[in-house]
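As given in TrEMBL:
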- 92: active site, proton acceptor (ACT_SITE)
- 93, 96, 98, 100, 102, 112: Ca(2+) 1 binding site (BINDING)
- 216: heme b binding site (BINDING)
- 217, 262, 265, 270: Ca(2+) 2 binding site (BINDING)
- 61-140: disulfide bond (DISULFID)
- 94-99: disulfide bond (DISULFID)
- 146-338: disulfide bond (DISULFID)
- 223-250: disulfide bond (DISULFID)
- 1-24: signal peptide (SIGNAL)
- 88: site 'Transition state stabilizer' (SITE)
């Protein structure tokens, strides 16, 4: 027989762990609807907006998250770069008019994708969302929103290339229209203060800013987004060999070429992005400019030395970001196809929406 468990010690350690997490992330545990998701202690603390829920589709479309995960895996087998494209989508969607899949709409009046700020959105990422939606519609038509699929696909891209596995609250509806104004999207040329102002406008703080900037551990940037660091003179903060590589890749501002945000592991979700600050291998100005603020720079150094801390903060900040301006009820719809609105009509109808709500919360179970 082994030694008996010291239950008092276990309880003390649990209380200590809870206190550490509350001190680190703030606030008491959040009690919100949960229809079957197995939440970590950290996830239970993330504030969740009314209308969203953990495990939202567990009864109305129980295979929804699995389908998204399978489609992401299938696309990644063909192109690992899809991960960066998928992670970029929710950022560019949520920062414009909320997390409502407006970025996917292609209407006679145009699309958000026409805006130069969205020129970096990869077609293959859009194709994956359409593919996942088509497969989900076969399983449970008219139930899962494109807005939720965008958030799920971004989450899956993180998990499947080495990042943390985590839950996201769901229940968003899709917008009827898109915004022609994408001015709220942070520019690659922003100073730290401009970045902070853009994030503060979305109820995200400096810690969220530094953690979410770590999304640049994945994906690529076009020459035009970092040529200001090469011409008319090379930014002295750039490593000289790295600068020469960039000059060879982009001999002119208009060169149609790309390079990874993270030169070393552009297809792996890790903390190398933060380590690159110390060696002068940070690509775009807005990333480099995190060193303009002492708090931000300290976080950069912390995440460079502690990948677990980065992962924990990233999942927290991603969940926060995914709750920017969600649509509910008659303010949105469940699109049949992600690229088009349902002819301006809400789908499902209010009656069928009530039926879905009954299924989701268990009132419709036999």
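Cβ coordinates are placed from backbone N, Cα and C, and glycine is handled just like the others.
This view paints the features noted in TrEMBL onto the structure.
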| residue | record | Cβ contacts under 8 Å, 6 or more apart |
| --- | --- | --- |
| 88 | site 'Transition state stabilizer' | 120, 121, 122, 125, 215, 219 |
| 94 | disulfide bond | 202, 321, 322, 324, 325 |
| 102 | Ca(2+) 1 binding site | 93, 96, 112, 175, 177, 178, 179 |
| 140 | disulfide bond | 57, 60, 61, 63, 64 |
| 146 | disulfide bond | 101, 104, 129, 133, 174, 335, 338 |
| 217 | Ca(2+) 2 binding site | 261, 262, 265, 266, 268, 269, 270, 271, 272, 273 |
| 250 | disulfide bond | 223, 226, 227, 230, 257, 259 |
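What surrounds the Ca(2+) 1 site, by Cβ distance within 8 Å of the Cβ centroid and not counting 93, 96, 98, 100, 102, 112, is the set 92, 94, 95, 97, 99, 101, 103, 175, 178, 179, 325 from the same chain. For the pair the residue listed as 'active site, proton acceptor' and residue 99 (disulfide bond), the Cα-Cα distance reads 9 Å.
Geometry remark: residue 99 (disulfide bond) versus residue 216 (heme b binding site), CA distance 20 Å. The recorded positions listed here are 92, 216; among them, 216 has the most other Cβ atoms within 10 Å of its own Cβ. For the recorded Ca(2+) 2 site, residues 217, 262, 265, 270 set the reference point as the centre of their Cβ atoms, and the other residues of that chain within 8 Å of it by Cβ are 218, 264, 266, 268, 269, 271, 272, 273.
Cα-Cα distance from residue 100 (Ca(2+) 1 binding site) to residue 216 (heme b binding site): 23 Å (rounded to the nearest whole number).
Sequence-distant contacts of residue 98 (Ca(2+) 1 binding site), defined as residues of its own chain at least six apart whose C-beta falls under 8 angstroms from its C-beta, comprise 175, 324, 325, 326, 327. Counting every protein chain shown, the number of other Cβ atoms lying within 10 Å of the Cβ of residue 262 (Ca(2+) 2 binding site) is 27.
Between the binding-site residues 93, 100, 112, 270, the minimum number of other C-beta atoms within 10 Å of a residue's C-beta occurs at 270.
Here the recorded positions are 61, 96, 99, 223, 338, and the one whose Cβ sees the fewest other Cβ atoms within 10 Å is 223.
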